[in-house]
């Protein structure tokens, strides 16, 4: 009898402990009851969802074609469960706000408010703007080195890092495309593509920083430097895609490689006599501050702007400054090599 009481007491203490330390709203009994009721009735308050209608056999009723959602809207892939979770989350957060409680995560995500089916509209907008700036920076750099600066006798640009910056531009634009897609609709596939593209970009950026800072021109030496970083990044991407999509681990890897390349650029800018080193200092300073937002996670303001959205926003002027430095660096490098040739 005493043992039973002890077991019940420990179980009660454990339950209280879990409730006090619960960090996710999906463990909230009120939220769970709302979702369960929504799955049965297809409604949360006055909001009802057509794809939550079921036949007596439990099969979904799609209805005639003219009552179904248009094809151009089906990309959202919001099903009955996701709509129930979303609207129950909004209702529960409104109740918590009236009680003076702070927002909490639901199923590992902050409570964002959709706009036309877009899950995180502010992050999507900033991702699209970053994509545009990367494209503009790449095109302006391409025009400069191919049409404005002189070529070497071998009919190639004097600037020996031209090809490397072209690859950087492609990886950057690819990363921002998948960032916009992932923030539009965050499912496992889009999240994997977003994480993989971002890690590939930051890994390549580290390689590029090492090659430029130490002025590595020999192709064999470049391959030797790049090989271990490429192997590490590839292993990490395979781990995320085929073993475990670990957000915490991915953030640590991203921050570590970002800080390492910022350190390299900062040390180089401190000792070089490059005329545009001040632009690099601004990029490094802003990059360090924006990367800290990856660590400091906070709930979205008014349901729209969170730390990730601010990181995207800060990336806009930094991308413009970086490409401005790259153009200046290509002019500076070309001028230096021409003087040496004479």
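For all residues, glycine too, the Cβ spot is worked out from N, Cα and C.
Bear in mind that TrEMBL entries carry predicted annotations, made automatically and left uncurated.
Residues annotated as signal peptide in TrEMBL: 1-22.
Sequence annotations record features per position, and here TrEMBL assigns transmembrane segment to 124-146 (among others).
The transmembrane segment annotation in TrEMBL covers 158-181 (among others).
Among the features that TrEMBL reports, transmembrane segment is placed at 193-211 (among others).
Beyond its flanks by at least six residues, the transmembrane segment (223-242) meets 192, 195-196, 199-200, 203-204, 206-207, 210-211, 216, 249-250, 253 of its own chain at Cβ-Cβ distances under 8 Å. Residues annotated as transmembrane segment in TrEMBL: 223-242 (among others).
According to TrEMBL, the transmembrane segment annotation covers 254-271 (among others).
Annotation source TrEMBL lists transmembrane segment at 278-297 (among others).
TrEMBL lists 309-326 (among others) with the feature transmembrane segment.
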Contact between the transmembrane segment (309-326) and the transmembrane segment (254-271) is defined here as three or more C-beta pairs under 8 Å separated by at least 6 residues; is that satisfied? no
Residues of the parent chain within Cβ reach of the transmembrane segment (193-211), under 8 Å, 6 or more residues beyond its termini: 161, 164-165, 167-168, 171-172, 174-175, 177-179, 181-183, 222, 225-226, 229-230, 232-233, 236-237, 240-241, 245, 250, 253-254, 257-258, 260-261, 264-265
Chain residues in Cβ proximity to the transmembrane segment (309-326) (below 8 Å; excluding those fewer than six residues from its ends, i.e. six or more beyond): 120, 122-123, 126-127, 129-130, 133-134, 136-138, 140-141, 165, 172, 179, 276, 279-280, 282-283, 286-287, 289-291, 293-294, 300
